[in-house]
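TrEMBL lists 179-201, 210-227, 312-322, 347-382 with the feature compositional bias 'Acidic residues'. Residues or ranges marked as compositional bias 'Polar residues' by TrEMBL: 383-393. Positions annotated as domain 'SD-repeat containing protein B' by TrEMBL: 683-801. Residues or ranges marked as region 'Disordered' by TrEMBL: 165-244, 297-393. Residues or ranges marked as signal peptide in TrEMBL: 1-21.
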Amino acid sequence: MKMKKLMLGLFLAPVLLWAQAYEPALSDPTIEAMSDPNSDMVSYGFMFSNKGSEALSVEANDSLKVTITLSRSQLANMVQPAQAITGEGKSMFDWSYYENPTGDDMVTGVLVAPIPAGGAYDLKMEVKPKSTERIGFAANIQPSFMANMKGNMLENDAVATFGKANATDTDGDGVPNETDIDDDNDGILDTTEDPNTDGDNDPATNALDSDADGVPDYLDLDSDNDGLPDNIEGQPTAVYTPPSGIDANSDGLDDVYDFVLNTGIAPVNTDGADVPDYLDSDSDNDTVPDAIEVHDADFDGVADISSSGSDTDNDGLDDAFEGSDTNDGFDVNEAYTDPSNQLPNSDGEDEVNYRDIDDDNDGINSQDEDTNGNTDPSDDDTNGNGTPNYLDSDTCSLNEVAPNLTKTNINGCPEDTHDLADITSTNLPSGAVLSWHTATPATSENRIESTVIPYRTENYYAIFYDSENDCYSGGGTATTILTVATVGACCQAGEEAPNLSQTQLVNACPETTADLTTITADNLPSRGSISWHTATPASIDNFVEDPRTVGSGTYYAAFYDPFPSCFSGFGTGTTAVTVTIDSCVVCNAGETAPQLSQNQFNLDCGETSVDLTTVSVNNLPNATILSWHTATPATNDNKIDNPKTVTEGDYYAVVYDTVNDCYGNDGMATSLVEVKNTGRVVIGDYVWEDRNGNGQQDVGENGLNGVRVRLYECSDEGNGNGVEIGSTVTTDNATGAPGYYRFEVCSSTKLYYLVFDNIPEGYEFTDTNLGNDATDSDTNILGITDCFNPIESNLTLDAGLRLSCELQAQIKCQGEFICPGDTVTLTASGGNTFLWNTGENTASIQVSPTVTTTYSVLVSHTDNPICEEMVTMEIEVKPAEINAGPDVSISLGETINLTAGPVNTGDSILWSTGETTSTISVQPSQTTAYTVTKTTENGCTAQDQVVVNVDGDCGLQSGMAVLPRDQETGYQPATAMEACLGEDFHIWMFAQLQHLGDPNGEDYSNWTFRFRLPNGTTVVQNDPENVQNNLYCKEKMTEEDFGTYQIGWESPEGCTGNTSVTLTLSGECTTENNGTAVGSLYPNPASSGGVVTMELLLGSQTHANGVPLVNSSSKTRETLWLSLYSVEGKLITPAQKYLVYQGHITIDYQLAPVAPGKYVIRVIGNGWADSKRLIVK
């Protein structure tokens, strides 16, 4: 048997064309041909060249696999050759077969051609002999093709299919790496995980491996090796979305992250520094690694799980974090479905620990709780409770100071006991107690529960304890030792210090020494006596030999037991006594008060002082003088330095011994002299706040300090242009009451007036002379009194001040007009008490008028209840009106014009057909409802519908209704509806409107209905036993349930028809709001790419009349997430995070550049959600 050769040349093709042939389970691609019985030496070539226009970047080590099988056959089907196709880089392979095999034996060969990485290719194939005549064809991976050679060289059908050998699919999602935009299926695009430093746009070459674990980031489920998958770290914690496992467009990116074509997860960067969290070993930059914070469930600062260094399934996630199945392939989120509740969160606040800069919410950032300064907060545990400071909001209030004990050693008889509670500390911190322990450092295990101990030789340890925070000073190390010992012959002196009859002792004149033995003790032991010492602790060395004759100094008493010669408390049980030796000098001032020549002086008008030295004394002892004082008893502190010029007042004379520096009868022997002002009068009284404005001083109305009062002499013109006499300001009187003033003037027939000014801002003078002159106001509106004559004192000149009535009340709102049903917030100001004509009594109210309405509010202030002001505001409602005309009937094939009106300048029209003119022509093939929407230039909308009935479409019409979540309300018919995510809805086809929603109203058991859903799925209902084949239901709507539903039907008699209905996303979707509400949204319409402002009321209470009232005492933070949806229910812009304080707030939301149209802004809070419709122009 002769052997012949077949030459193959292989060129490359784009992956997009052969994606279906990647699976190894597919059969090998084959070419069937026949041998040439008329020639002994024939070679055939199969070539693939890069002639196409498709582009492909392939991975290294990929290859094309072709299987070729030849068998015997007869010659047939000769054709002329086509133009041969050639290309560069042909790779020829020899393949041999034997001529004329026996029977139907087949000869099979397999060729594998390596594919150069990084090229752009399109597959072309040609079959040619090794001669000058060639035939070629282009297959583009068609399932079969014809290949015939001229000259009886090759004919018959040649069938070829192609595949790739060893195609790589790292994450096993059915999409090979070369077309997979997310090779590890973590939701983060390969182009994000590889910085493309080599510029070849291929993450497989020079790939980034951030954690150096041998697995590049784009194939690594844990790129920073902290044990938390990138899929978790890449997303916000509060709105984490696990993968759905669905990839409808087969691009390798899970559909839940494919909300905008090929964008994937936008990685979170919590600290805003360096790199995103999935590459950051310390995401919140608090110096505690994520590898600890993610795995520290018991909050001891140590990770509960550590890396094992093993990765069985080579997915980049260490086996220690894989759970029970360490070979589970690319499980991108492992057991995490709700990170907010699964990851450690020591303070239970809005963010988990690895993203929280203050893990214990004590107001101190975690990195600042590193008290020892070693950049590791996990080893700082001030209170020693096993929880580091950065995770422990209750840190110890104690420092490292040890107790300063009153005793540090005690001893006694073995049969006796001692109560440690008798020993105290002189430096006990506030809030702490003294705790006793049997060892150091102090712990709860070695603490002594009973402080009564026996006398035996051992040590005890005292330490400060903070019971509120359960901690010891110095973490248990700041202890002071107490030594306890026993004595052989037991001392009966005891431990207590003597309780003496006195601790101050003065000699009895004329004796020049003191006798300590006159002092006794009421706690003398049964055996022993008082011994006296010059120091403490008491000992034989400082024993006082003769305590009966001691001089000045401090002496210490102790109890002494002569056998076995011991002192109380081993010498520390002492009591100090101070001894003073009096010189026994006699004072010559005597004990009698001086007899004065006069006891009163009178000051005439114009006189300011008198000379007390003119007073003589009749009984002045020798060697003494007369001394003057301002009080009695006389002392050096109240002595008058210059008695020659004293003013009005009381003064005291006493005899003074200058030699012995002493006063008569120790300063008690004094005589009084009065200096009186008999020629002057006092003018003045009171300035008060007239709170009720009645011009009288009432109980509870207080005086006002700081008001200036000026006294003027009246001019010829009366109380104006006078000469100023004096000025003062109101101040406290002698009893501490505010608002008083006074002037002293000579009694005169001259006329004076007062001017009050410099009054507090916001006040005015009250009405004058409205009652009793002692309690009314005496000023005019300018603060000036009438002229008066100060012949005698006048303390009734008062001035009353009241709050001026200048409220400046006003109402503010956004915009000059609204659309019917819109809500607008009206805010009143100028006071602190409000009463609206709606009955509400808050500063802000929300109204939704359907017609132009005037709102009024009465504004007042609690500080000035008599002052109030009414203001009004008109809210103009500009409705949009549209009429599509009456329903009509036409014959099948007939055309009719539909006209909507009125249409004014600036109005826009949109029919459900997409047309924008007021009149449209339609030719429906079945009964159809046409909806027209009018939008005015101010953004108000109106909608109407006209039904065109077409004979021959079975007479059916469509209806749709929505059942809100958690409600048991009935369905209501409509032809176009708005709904909210999560609600239920039904679509009916019916003949009579009254039967809509009635399961027994019309029988459709023998009908066929086809419902084509917005997601492309078709639901066919033709159950002969189901009377409701005309009904389609969906519970808990998702984004894919919004859009147009196309409905077709066929009756048992063969009548057919079709129609469509549209479901859009509502702008009024509220769930579990707990008093929280979204208010105004402005501007609306808004500009694409602009900023819109949303008003919200967060963390509110509800007033009895249903009006939310902000709890202004709360300063609780809340995290909000704002997303933008189309009215078709599609997510346009992913959720943006806002951290706000509760109350009445505003948020500025940045719009992405979007097409003009209708949108919905959705707000998700803590357990609630709300939404608002937005028009973009």
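Including glycine, each Cβ sits where the backbone N, Cα and C put it.
Listed stretches 179-201, 312-322, 347-382, 383-393 were compared with the compositional bias 'Acidic residues' (210-227); the greatest number of C-beta pairs under 8 angstroms is found for 312-322. Sequence-distant neighbours of the compositional bias 'Acidic residues' (347-382) (same chain, 6+ residues past either end, Cβ-Cβ under 8 Å): 228, 237-238, 270, 277, 283-288, 290, 292-294, 296, 301-302, 339-340, 388-393, 395-396, 471, 475, 1117-1119, 1139, 1166. Helix, strand and coil counts from DSSP across the compositional bias 'Acidic residues' (312-322) read 3 helix, 0 strand, 8 coil. According to DSSP, the secondary structure content of the compositional bias 'Polar residues' (383-393) in residues is 3 helix, 0 strand, 8 coil. Taken as a whole, the domain 'SD-repeat containing protein B' (683-801) shows an average pLDDT of 90 in this prediction.
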